[in-house]
Amino acid sequence: MADFSHLDEKGRVQMVDVSDKKTTDRLAIAVGKLSMKPDTLASILDQAMPKGNVLETARIAGIMAAKKTWELIPMCHPLELTHVQVDFFPETETSSIRIEGQARVAGRTGVEMEALTAVSVAALTIYDMCKSADKAMAIEKIHLVRKYGGKSGEFVNEG
């Protein structure tokens with residue numbers, strides 16, 4: 001069985017002690033996809049949804065969520081994020097929106113969860129704002145694509 005840093009020697013859950021780690025610049029990038037009907041995508045892009053500008057609202061929600069990750073995920077450390085960015089890439093040929101979230105910090109622990117949370121909440125916000133028009137939307141394949149900084153170095157997800 002792999003060693004899990006969130007478990008102590010007795011198997012109890014703990015928050016990882018990062019006090020001996022060096023402060024380094026860290027970055028994480030996550031992506032996800034939201035599939036929908038072509039009419040729904042067109043309405044989002046035309047800013048014709050009844051609840052307003054869907055993508056800008058989702059961008060703000062994703063940024064806010066990244067800043068609150070430590071309040072949502074029990075063993076995450078509170079971080080002084082230096083940058084959070086959420087971008088949207090509409091794909092008309094697949095009737096979907098690719099969501100990319102990026103988080104940066106100069107700190108002792110990584111920002112993977114913050115990037116993943118930004119993408120997740122941005123996707124949920126789009127779903128919430130458009131569900132009256134398209135209940136069949138699907139949030140898909142939210143995953144980490146890149147991270148660097150810290151002891152483990154760089155990770156690039158080729159898949």
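A Cβ is built for glycine as well, from the same backbone N, Cα and C atoms used for every other residue.
As recorded in Swiss-Prot, the features of this protein are as follows:
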| type | residues | note |
| --- | --- | --- |
| BINDING | Met75, Cys76, His77, Met113, Glu114 | substrate binding site |
| ACT_SITE | Asp128 | active site |
Fewest-neighbour residue among binding-site residues, criterion Cβ within 10 Å, set Met75, Cys76, Met113: Met75
Least buried by Cβ count (within 10 Å) of the recorded positions Glu114, Asp128: Asp128
Met75 (substrate binding site) in three-state DSSP notation: coil
Asp128 (active site) in three-state DSSP notation: helix
Cβ-centroid neighbourhood (8 Å) of the substrate site, Met75, Cys76, His77, Met113, Glu114 excluded: Thr69, Trp70, Ile73, Leu79, Thr109
Integer Å distance between the CA atoms belonging to Asp128 (active site) and His77 (substrate binding site): 28
